[in-house]
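Asker: The Mg(2+) binding site annotation in Swiss-Prot covers 128, 130, 174.
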């Protein structure tokens, strides 16, 4: 997988119709920044933040939602606190109120201290991020959630390659399911073709494109986008 260069946001950022903007978001923000971000959240977002048991998780949720508002507000030309969200039946956030007609579509994923956000116009889009954490039952999880040929490929690999391949499969499937709004129950219906040296392709949905990402050491990610012919841009918040 290619390493991409994540650039600082330019002063006058524009999103063209054939672009997908990918944002790398550090969630461990200084306390002063966290307070500013919290001030932009809605009452239901603040209530969600307060339901986290661990303060670290509360802070990271606040940072992720506040920065998402900042990013989307920049494209919409409004203050972060003015951005309105609706939620699909499975809880996927989408733009609501007058912003629903903007054509701006986005998706957010986070793992530990990092989040990724994908934004574009008109194309359905999903993104997933996973840290390569030790998982003792990789093969049993793969047998449950992956197709037989995916499971067999994983089993055939040396032990040191299995973890990364497992999470590459997982992020590609999850990114597509997040884009379509389907739940994790359909993981085993999504076929991904990949090898340790070849990029992933969505066999189940040939009209969709996949891009794998390495946003940080020891993690993998993927973005699924409806259609082809789009250009990725990589920004660091």
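Yeah, the Cβs are placed from backbone N, Cα and C, and that goes for glycine too.
These figures come from a predicted structure and were not determined experimentally.
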Asker: Check the DSSP secondary structure of residue 128 (Mg(2+) binding site), expressed as helix, strand or coil.
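Answerer: Assignment for residue 128 (Mg(2+) binding site) reads strand.
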Asker: So of 130, 174, which of the binding-site residues has the fewest other Cβ atoms within 10 Å around its own Cβ?
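Answerer: Checked 130, 174; of these binding-site residues, fewest Cβ neighbours within 10 Å: 130.
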Asker: Excluding 128, 130, 174, which residues of the same chain place their Cβ within 8 Å of the centroid of the Cβ atoms of the recorded Mg(2+) site?
Answerer: 109, 111, 129, 167, 170, 171, 172, 173, 175, 221, 222
Asker: For residue 128 (Mg(2+) binding site), which residues of its chain lie six or more apart in sequence with Cβ-Cβ distance below 8 Å?
Answerer: 109, 170, 171, 172, 174, 175, 178, 221, 222
Asker: So, three-state DSSP: helix, strand or coil for residue 174 (Mg(2+) binding site)?
Answerer: helix
